[in-house]
Each structure stands twice: as structure tokens, then as C-alpha cells.
Amino acid sequence: MQENDDDQRLPHHKNPPEYVSLDQLANLGVLYWKLDPEKYENDPDLNKIRQDRGYSYMDMLDLCPEKVDNYEQKLKNFYTEHIHADEEIRYCLKGSGYFDVRDKDDRWIRILIKAGDLIVLPAGIYHRFTLDTSNYIKLMRLFVGEPVWTPFNRPQENHPARKEYIKSMTDNVGVSLKVH
């Protein structure tokens, strides 16, 4: 993505645009499924993913100025680069937004998520989140066990989750990550 100081809710495409494949995201540990958001309550595909990956806890999050107190500050907090000790699992049911993740060369990759997109960010990956200009997204948040959503703002090179993430990436042939 093009890094600049424009509104974080804009697409920030490079000129010309550069696109990243799902395989390239998978090489960073980012997983993706396309599901039917209309049947999330009884979706056998979603249930299988939850069972296979141990996602036992689920809740819903509506993000928009009308439903979130101190909306602009919350959005700013989500957009601060950070990691988590656990996976971040989000299933978009309505609306849209962006997850930005760092590639192996420490460049941002912007991932548009919209209704039907289920994304898993691995523990220890530097990332951030923002809505797009629609200013609305409804997300299902999934967790293994009780929900823990503690952001650790960059730098976190000595955090155990970050060390494990870097190790998992360097164990992959031909993948290297810059460490700052």
C-alpha cells in the first residue's frame, strides 16, 4: 500500500496498484475464507472452521459512529501498529474495512475485508485495523477459549508471540523478516 498521511480510511493503492495473492498472504501466516454472511448462525462451513481451529468463543462487534462511544479515538487506537499474543480472527458480516499487515520486508499490505470474508491474523504479526469511508462494519470475533484482546504496540521484538512468529516465518523456505 502507499504510505502517506491521507485519511486512513482511503484505499491507499500504489500507482500503479500492486495486488497480493492469497498465497502470498498465507506465506505470512494470514488465513482467509469466503463464507455466506447471511447464514452465519447455521453455516456448516463456519462451524467446521470453528471446530477444526478450536474457536470456542464468539461475540459480535458493530463499529460505526452511531454505536461506538468515542468512535474517532477507538479507530485511532485500532490503527496503532501492534501485535497480539493470540490469533486475531474476524468474520465480516456487513460493511467493510481494512486490515494492514507487514510483509517480510516490513512494508504494509492492505487487506480489504467485506461481508463474507473471514480472516485470521497469526499471533505476533504486526498489524492494524481501520474502517473504510463507509464508516461501518459488523464483525464476528472468534477466540480460542475466553476472549483475550490485548494489543502490544510496536516495538515488541522480545515478546514471545513475536519471537515465535519470526521463527515460524524463517522456518519457511525463502522467507525472511526484518527485525528492527
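All residue numbers here begin at 1 and follow the chain in the order shown.
Cβ atoms are placed via backbone N, Cα and C, with glycine included.
For reference, TrEMBL has these:
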type    : residues                    : note
BINDING : HIS82, HIS84, GLU88, HIS127 : Ni(2+) binding site
BINDING : HIS82, HIS84, GLU88, HIS127 : Fe(2+) binding site
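In sequence order, GLU81, HIS82, ILE83, GLU88, PHE99, ASP100, VAL101, ARG102, LEU121 constitute the residues six or more apart from HIS127 (Ni(2+) binding site) in its chain with CB-CB distances below 8 Å. Annotated Fe(2+) site HIS82, HIS84, GLU88, HIS127; additional same-chain residues within 8 Å of its Cβ mean position, judged by their own Cβ, are ILE83, LEU121, ILE125, TYR126, ARG128, PRO151. Remark: HIS84 (Ni(2+) binding site) has LEU121, ALA123, GLY124, VAL148, TRP149, THR150, PRO151, PHE152, ALA161 as non-local neighbours, by Cβ distance under 8 Å and separation of at least 6 in sequence.
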